[in-house]
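**Student:** So TrEMBL has the following annotated:
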- B:1-77: domain '2Fe-2S ferredoxin-type' (DOMAIN)
- B:77-116: domain '4Fe-4S His(Cys)3-ligated-type' (DOMAIN)
- B:136-166: domain '4Fe-4S ferredoxin-type' (DOMAIN)
- B:180-208: domain '4Fe-4S ferredoxin-type' (DOMAIN)
Amino acid sequence: MLDQSYYEKADQIIGNYGRQQSALIPIIQEIQNEYRYLPPELLTYVAKELKINEAKAYSVATFYENFSFDPKGKYIIKVCDGTACHVRKSIPILDFLYKELNLSKEKNTSDDMLFTVETVSCLGACGLAPVLTVNDKVYPAMNPEKAGELLKELRGEA
Amino acid sequence: MDFITIDSQSVPIEGEKNILSIIRKAGIDLPTFCYHSELSIYGACRMCVVEDDRGRVFASCSEQPRKGMVIKTNSSKIQKYRKLIMELLLSSHCRDCTTCHKNGICELQKLAYKVGVDAVRFTNNKETLPLDTSSPSIVRDPNKCILCGDCVRTCDEVQGVGALDFAFRGSEMQVMPAFNKPLAETNCVGCGQCRVVCPTGAITIKKDEERVWEALDDPNTRVVAQIAPAVRVAIGDSFGIPKGTNSMGKLVGALRRMGFDKVYDTTFGADLTVYEESKELVERIQNNEKLPLFTSCCPGWVKFCENKFPELTDHISTCRSPQGMFSALLKDYYRTQDEKEGVDMKTFVVSIMPCTAKKGEAIRDDYKTDGVQDTDASITTAEAARMIRRAAIKFEDIEEEAVDMPFGIVSGGGVIFGVTGGVTEAVLRKISYDKDHNHKALGEIKFSGIRGIEGVKETSIMLGDREVKIAVVHGLGNASKLIEEIKAGKRNYDFVEVMACKRGCVMGGGQPVPAGPRTKQMRMKGLYSVDTASQVRTSNENPLVRLVYDDMINGREHKLLHTR
């Protein structure tokens, strides 16, 4: 059971969009921004409030890779694997992060809830390849060593 | 008039919204999975691809006809594409045809044969997914789904339930309830309309046949059957009997050969329902309370109301459905009989229903008498046909037999319970009979606007000096809209008949498939013919009903015939 505050937050966000069915995606995006994931209970709640079938809302939320029903870490590291980044060796960076944090494609959030590692298809910063982002901050021209330092830095901050 | 050319044939455009309809009008039966005239156009299966004179290839279901178009439906290019599309559909489909419940009646199988696929070059690399057997009504096998979306659109557009939808994307796409919950935990009402449109074995009826065979095998069990009205005009479909033919007599004969001890007609239960429900209606009108009164015969509707309009459940008639009333009566009758004669026998009541939701109704607590389930097994028309086939009975050759006494006379009014408007018509016959003490012309009721296939039908009659306003609605989507309008005060009724399935029970979720427009029409017509040919048209003319009230029910109406 989610805390009541979650539903109040959802109510507020739904209110901001005027209870429009067409605003389903921005509403659940905003909820995900708030909690860094989309709590399944809130998707059900939003669907009910907007009078959308729960199955339809689930259909929308699973269509987009961006929505996650699992809680994510404090730092969401997105490694770009678009064409430009890929040819400039983004995979070794990803492999390094997986190994260092003991993660995989299936299990992408560390047990201490500090890191989530994902890939994205293109961040549109091909000139800076290979690139990764941490909570939307862009780190250009990366390699495994630099990624290692970045992890240390983030851990120190935490 | 504008024309388009289809394979060198000139065909007029007569208001068709898509090229596919014109192609079919021209006598070419292009294969499709996802195109149904009652659903929105989805264009997912791609089976209806055609080519135009510029070599453009497109799906004909989702293309508007334009004057002067030249369409080729059978060029070698199109034949090659169609075959490839079918091959791709088959490649990710579990092809265990010999053990599939759809074997022989499967659209995918049929079209694969029609299209002429002789090999599937691609291997199925999908992992095997578990079956969902949680619902008492239907079973979902995702491994057999071809993603045509027919169930999704039926559940949402026609039924307004929306328990199923697509989830995930691309090669990972599946049809499932939200969060892949078991169907039993969703708002699914068990109407089975998804199963009616499913072209494969991905959604099938939850089978209860085995329990019936076991009971038939047990010498200490008396197995009693009741057959619902709509079954008689559909079971023949499975044995090549012309659509809509009344096969009641044959079915009775077949059941006796299979070992059923007694066979009855659920229409007798419908006659009791007419008595109880008209009494309830008149009472509520006199007290002016809980109006409109909603009918309770349809379990899909009852569950839908409980899920979506819980505040209105008080308005649903307290009458049990004909299945429920009759099972309770049968159990009580044999219990009393056995006690009197000192016989130690179990009674096992099997109801043969056009409906998958009846399976869910049978196990409801308010359909138990003294905590004992009255209907022991509710099987569908399709399962009854399977049982007859398994018993190797030549159904088409069987001689017609009559149902057993002491419940052997039924009214025509009870028989038309199986079609939308029928319950209302039967109740009107009873009420107007009571009121005038002479039989008001049945024709007047027939043409009062309660027959036909419009989503919502309205009529009214006078009860004394009070006008009784009546609505008849079928299809849960239509019902939902109507109720929203009633709640908003835009419409006002005293009595509302709701049937979950469009056209009523004749097109129920448990009936043989496939059923095209002609079959639908013939089934409705078939039931009306049974009514016209009955000696007894009105429930209160049924001499046995009076006897049953006096000798068996003895004032225990609320115990045996009502939910509370």
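Glycine is no exception: its Cβ is also placed from the backbone N, Cα and C atoms.
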**Student:** For the domain '4Fe-4S ferredoxin-type' (B:136-166), what are the same-chain contacts with Cβ under 8 Å, counting residues 6+ beyond its ends?
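**Tutor:** Contacts with the domain '4Fe-4S ferredoxin-type' (B:136-166): 33-34, 36, 38-40, 42, 44-45, 89, 92-94, 100, 102, 108, 126, 128-129, 173-178, 183-184, 186-206, 304, 356-357, 359-360, 363, 475-477, 479-481, 500, 502, 509.
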**Student:** Against which stretches of its own chain does the domain '4Fe-4S His(Cys)3-ligated-type' (B:77-116) lie, if we need a Cβ under 8 Å and a gap of at least six residues from its ends?
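**Tutor:** Same-chain residues near the domain '4Fe-4S His(Cys)3-ligated-type' (B:77-116) but 6 or more away: 31, 33, 45-47, 49-51, 55, 57, 122-124, 126, 128, 141, 143-146, 199-201, 204-205, 207, 512-514.
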**Student:** With DSSP, how much of the domain '4Fe-4S ferredoxin-type' (B:180-208) is helix, how much strand and how much coil, in residues?
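**Tutor:** The composition, in the requested order, is 9 helix, 3 strand, 17 coil.
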**Student:** Please spell out the DSSP helix, strand and coil residue counts for the domain '2Fe-2S ferredoxin-type' (B:1-77).
**Tutor:** 12 helix, 18 strand, 47 coil
**Student:** Please count the residues of the domain '4Fe-4S ferredoxin-type' (B:136-166) that DSSP assigns to helix (H, G, I), strand (E, B) and coil.
**Tutor:** 12 helix, 5 strand, 14 coil
**Student:** Can you give me the average pLDDT across the domain '4Fe-4S His(Cys)3-ligated-type' (B:77-116), rounded to a whole number?
**Tutor:** 93
